[in-house]
Amino acid sequence: MSEPKTASERYQKISQLEHILKRPDTYIGSVEIQEQEQWIYDEETDCMIDKTVNIVPGLFKIFDEILVNAADNKVRDPSMKRIDVTINPEENFIEVRNDGKGIPIEIHEKEKIYIPELIFGHLLTSSNYDDDEKKVTGGRNGYGAKLCNIFSTEFTLETADPKNGRKYVQTWENNMNVCHPPKITSYKKGPSYTKVAFKPDLSRFGMESLDSDILGVMRRRVYDINGSVRDVNVYLNGKPLKIRNFKNYVELYLKSLEKMRKMDNGESDTTPSNIPTILYERVSDRWEIAFAVSDISFKQVSFVNSIATTTGGTHVNYIADQIVRKVSDILKKKKKNIKPYQIKNNMFIFINCLIENPAFTSQTKEQLTTRVKDFGSRCDISSDYINKIMKTDLATKIFEIADENANNALKKSDGSRKSRITDYPKLEDANKAGTKDGYKCTLILTEGDSALSLAVAGLAVVGRDYYGCYPLRGKMLNVREATADQILKNAEIQAIKKIMGLQHRKKYEDTKSLRYGHLMIMTDQDHDGSHIKGLIINFIETSFPGLLDIPGFLIEFITPIVKVTITKPIKKVISFFNLPDYEKWREEESHKYSWKQKYYKGLGTSTSPEIIEYFSNLDTHLKKFHALQGDDKDLIDLAFSKKKADDRKEWLRQYEPGTVLDPTLNEIPISDFINKELILFSLADNVRSIPSVLDGFKPGQRKVLYTCFKKNLTTEKKVANLAPAVSDYTAYHHGEQALVQTIIGMAQNFVGTNNIYFLKPNGAFGTRATGGKDAAAARYIYTELNKIARKVFHPADDPLFRYVQEDEKTVEPEWYLPVVPMVLINGAEGIGTGWSTSIPPFNPLDVVNNIRHLLNDEEMDDMHPWFRGWTGTMEKIESQRYRMYGRIEQVGPNTLEITELPARTWTSTIKEHLLLGLGGSEKVKPWIKDMEEQHAETIKFIIKLTDEEMTKTRKLGFYERFKLISPISLQNMVAFDYRGKIKKYDHVHEILKDFYEVRLEYYQKRKDYMTGRLQWEAEKLSFQVKFIKMIIDKSLIVTNKPKKQLISELEELGFPRINKEGKPHFGKIDEEVEAIISEDEDEDLEESEEATRKKDKDDESTVNGPEELFGTYEYLLGLKIWSLTKERYEKLLKQKQEKETELENLLKLSAKDLWNNDLDDFLTAYEDFQKMDLFLRNSAVPKTKGGKRKRKGGDDDDYDPSGKKKPARRIKKIKKEDDFDRILIKPQAKIKAKRPVKVKVEPPSSAASTPSVKEELGVSDVTSNASTPSTTIFDQKVKQENSDESGISAFSSKFNKIASAFDEDAPLDQITSEDTSVKESSAPAAKKKAPPKRKAKVVESSEDELSDANLSEQDDEEVVPVRRQRSSRQTAKKSYAEPIEISDEEDFIDDDEDEEVDSDESFNDE
């Protein structure tokens, strides 16, 4: 044994040179051969190859240090142009030479040796030790070239400087242990240069020679220098490299990627190459980046100050993270389950950057550790660069990988064929499911639990062996773009997979591996039910390829939409599975029977016995879906893919209204289902969101107006009560809260809302401050019809419309036809499925002018967007684009006043902007000195700025800085046309023309209808006269005679039957039909009036009969006894003459005359509306009573029956037209034809010297919202050329006489001939029950007509007069005004309004 070492022997002190040689891994890395993945340059293919090599990292490092020194010289001397590298493996010799400024050849003042010897032969010497100096070179620690000297057997330095005339050559040997004296010679001519030549000490690296692996890595490093150092020519072994820039360098790698791809795919080298796209960008002088798609994993090639950072670092993370984050934000919009690592793993990035004073993990400098904030520069990836990345196949590769991962995850939840499933308590499993006979079983999927109970009832018929049931909760998930996580968390999808035994993405050719071989869908027969069917089809086609190719796999169970019960002459039930078939039967066959109908909106409407009946007749109720064919897959994708939004828009536009699925088909093609049934779901969403071009309404608005018209809402009604009334009368199915918001929107009158509001905002309906979001709760606010409503929607048109059928009810019309196109006057906005719309509002007077131009076959004038009460400026910047400006002016040296905002820019929005400028934030410095609000009914902000901010604001522009500019576009004007098809309008004139054509057609229809009605009325009166005359003359005996005989005599005498519409029917009818009519009449006689009302109220379905078509003789046989008097006979003759006169007057008018008359009435009403609107908006006290009621009761009590009512506060009655004129109506001046944003705002003192807008800008084609017609409706009062005594006023007086004189229910002994002459009575008080609403009628009526029992029961009509044609046509430019008197009943707040408001009597009385 050797003797133990002493302490002195154990602890040694060695020189730094010895330390480097003994522990080289600290300085140059390992000196042993290692296997590494390295990019090497392959001369044969002229590209970089990712190869596994065996190299000594330390040997490569000493070579790299000399190269980096040469590259660093480019930073010190930008004039450097060339680097020469020579590698001679035979002689183990390497040389690196660079031109440019050389090393100073002088003696160091302190160390007393030459500086070249100090730098290359002495450790810890460098020019990089001054940390206050920011450098972008590779050298940092003072080792560099000295390490190369230490690990070489011979190291020679040569540098020359012609400026000082010297050349310096010095050699070291034996690992820098032997230093030969320098040789300094004269050097007068030639370039400056530095050359280092060395022979590495291969014995220290365990090598005998420079092998191919190390040579390949060294050559690649030379190419690195060529690509990363700009404007330098690099030569290798005397040959110039062809690389000219960093982009050329990157291409060497992409060639390799293409070669690797060919190898992986088994392609030959002759196969055409598809080199990946290079996305190169030089961001700045310090940053160059390039991007390509990687095939395998994340790859990077990066350089910091010419140093190859082979393991990356903070600079690589800095760039990669930006790309990943921005690409992820885009991809997540398409596929939400994308993870950042999935993006990064498909990226190959190249970075060449200059970093100030870089820090690395070690002397080997393979990884940068400098923090981003210390880089000395930024490299922000632009959006354009990201967009270029998105155009590569990066997204495709990411989605493919994500889909593969998702599929693997989804397969974990696959089902299997097993006989029992215990995870789903609601499953009614078939006994044979999961057995060898499972493919014969059918799973019934029902829409909800209620439908499940009905399906279970049906199992009693078909048995439980081969049928099972399971309920769906709500709608299925659209799996086409859903993430794997969403699908895995969707309980319905997972349940179906388990119950059916489905396996994700398995290609099915038959169903023998499933628990159930058939899937049956049992949903409601509505649009939502169709959508559920479509989602299930989409789910199967997306997740289980092949299943839809199997005939009979997918089935649907259909139920009737309407059932007709025939009661006479036979008892029979007819089921209809679509509405067109029902409507056809109703038109062609219904007159033969007495019948009633029942609508089945959902499965819940059917009873258990009916379900049993359905299951007993499966041939009728089961419909198989045809196996996939043709373009079915494309159609499914069209219906459910987010990528097909534009195609889906066109698909919806081409739909022809009335197209339905043929119910007689036994097999339903999926294409037919999508194009004829599923499409209705998307259309229904558009119908709710996009208005009709004819009335400008969406269905909710139309339903509200219909209810108000139907109930004659002339006294205010609480919104909380009106909403349920609308829901009840129109069968609204989307919740009362939605109706509340619709009502509030229709009544809002602040600037930016309706140009004409048809409901009065009696209460807090919202303000301009928040755009109406500050409206009070529905239980505190009231509304009623505005008087202008019936001047826009003329009651004479009501009988002409086609009304919608909902839940056994005839509800609102498909569309109204206003006198003027409200879609232009109030505008419209909405977002539907595939379509959206934005139609700005226009001035009603401009619209009327253009209608009259069309009526006169003249060219239309241009129209510009217009907002009631708005005083800003509207500038036309393009044919279909405008810009709205608020109003701002300078009122002091540094004081500004904002007095108007762009329309529909709410006060709160501007206030937030101003407060941010006043208080500032983390990102915004305060720039407003002070701000005051002085709003009343108008806008007023007072803003004070500093001198500096005032100057800055002038440069930026007042309108821009205060956000007083807002765009408005006419490029997305979409509406349903008169055919019910979606149409995009390119110009407002197109909208007006479409409206004009239909409206004019309907004026002709109105005339035809009124003509026919007058003729029927005249004929009816003639037959009544004839009937009474025959009874008086006793030529016709009606007493003590069988009814059948009497009717036969009336037929022989030529008396027609008259139906409820007033149409006569002459001649005999079938005996069976006559028997039904007679029996129905007998039943009516037996029932008391009270019982009849109760029956009508309680029965869901109305009994219909042939009398609807043929009519009855009630107009004759139902006459009161006193009608047989001589006075009544004479009165009827007079009435007949009046009808004939009215008919003559009507025939003299054309359709255009009728429209012009309505326009005259509209303009008069619009003048009154403007006055009323201004009065309401300027009223200091809003009309609301919710506060009082809230104080009387609890928080939520609207009415306290125990409390004593107090009389409502009254507003002084307005009796004179001058009362409105007391409100100062300032005409709005036309805005100058200049862009206000350019106007230099000066204080008032200099206003006189301020150049005009026109002089300063020279801009024209600016329209003003504030402009008015040359003759305004407020500047003068013009009496009408024709007195209203011949029109409405006279008619109203006569109607009031009749209404007050006759009571339909009065006993005969209380009615005498003297009653025919009565005095005019005043209108009933507000608290009294209003008379029943009556259908439109054209002419003046007499007392006798309303006394008829026939008309009392059947013709609930409001009579509307035909106005005489005016002697000279009124136009929109000439307005008419008439005095306004508001009686007690029309007061803003009535004495008895509390009683009226709390009563629903008017809405429940039918």
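Backbone N, Cα and C define each Cβ position, glycine as well.
For reference, Swiss-Prot has these:
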| type | residues | note |
| --- | --- | --- |
| BINDING | ASN69, ASN98, 126-128, 139-146, 363-365 | ATP binding site |
| BINDING | GLU447, ASP524 | Mg(2+) 1 binding site |
| SITE | LYS475 | site 'Interaction with DNA' |
| SITE | ASN478 | site 'Interaction with DNA' |
| BINDING | ASP524, ASP526 | Mg(2+) 2 binding site |
| SITE | ARG648 | site 'Interaction with DNA' |
| SITE | LYS649 | site 'Interaction with DNA' |
| SITE | LYS698 | site 'Interaction with DNA' |
| SITE | TYR732 | site 'Interaction with DNA' |
| SITE | ARG779 | site 'Transition state stabilizer' |
| SITE | ILE831 | site 'Important for DNA bending' |
| SITE | TRP906 | site 'Interaction with DNA' |
| REGION | 963-972 | region 'Interaction with DNA' |
| REGION | 1079-1106 | region 'Disordered' |
| REGION | 1183-1215 | region 'Disordered' |
| COMPBIAS | 1204-1214 | compositional bias 'Basic residues' |
| REGION | 1230-1287 | region 'Disordered' |
| COMPBIAS | 1261-1274 | compositional bias 'Polar residues' |
| REGION | 1303-1406 | region 'Disordered' |
| COMPBIAS | 1326-1336 | compositional bias 'Basic residues' |
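Location within the structure of each feature annotated in Swiss-Prot.
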residue	record	contacts (Cβ under 8 Å, 6+ apart)
LYS146	ATP binding site	PHE120, GLY121, HIS122, LEU123, THR125, MET176
THR364	ATP binding site	ILE28, GLY29, PRO57, LYS61
ASP524	Mg(2+) 1 binding site	GLU447, ALA451, LYS601, GLY602, LEU603
ASP526	Mg(2+) 2 binding site	LYS601, GLY602
ARG648	site 'Interaction with DNA'	LEU638, ALA639, SER682, THR833, GLY834
LYS649	site 'Interaction with DNA'	GLY834, TRP835
ILE831	site 'Important for DNA bending'	SER689
TRP906	site 'Interaction with DNA'	GLY752, ARG768, ALA769, THR770, GLY771
Query = Under 8 Å Cβ-Cβ from LYS475 (site 'Interaction with DNA'), six or more apart in the same chain: what's there?
reply = ASP528, HIS531, ILE532, LEU535
Ask   = Which residues of the same chain, at least 6 positions away in sequence, have a Cβ lying under 8 Å from the Cβ of LYS698 (site 'Interaction with DNA')?
value = VAL687, ARG688, SER689, ILE690, PRO691, ALA828, GLY830
Remark   = Looking at the binding-site residues ASN69, SER126, the one with the fewest other Cβ atoms inside 10 Å is SER126
Task = For ARG779 (site 'Transition state stabilizer'), just count the other CB atoms lying within 10 A of its CB, please.
result = 17
Count of other CB atoms lying within 10 Å of the CB belonging to ASN478 (site 'Interaction with DNA') = 18
Query = What are the non-local neighbours of GLY144 (ATP binding site), defined as same-chain residues 6+ apart in sequence with CB under 8 A from its CB?
reply = GLU65, VAL68, ASN69, SER126
Query = Could you tell me the C-alpha distance between ARG779 (site 'Transition state stabilizer') and TYR732 (site 'Interaction with DNA') in angstrom, no decimals?
reply = 20
Task = Provide, as an integer number of angstrom, the distance between the C-alpha atoms of TYR732 (site 'Interaction with DNA') and ASN478 (site 'Interaction with DNA').
result = 27
Message = Need the DSSP three-state call for LYS649 (site 'Interaction with DNA') to compare against my parser.
response = helix
Inquiry  = With DSSP assignments reduced to helix, strand and coil, which class does ASP526 (Mg(2+) 2 binding site) get?
reply    = coil
Message = So, three-state DSSP: helix, strand or coil for LYS146 (ATP binding site)?
response = helix
Ask   = Using DSSP, how many residues of the region 'Interaction with DNA' (963-972) fall into helix, strand and coil, respectively?
value = 0 helix, 5 strand, 5 coil
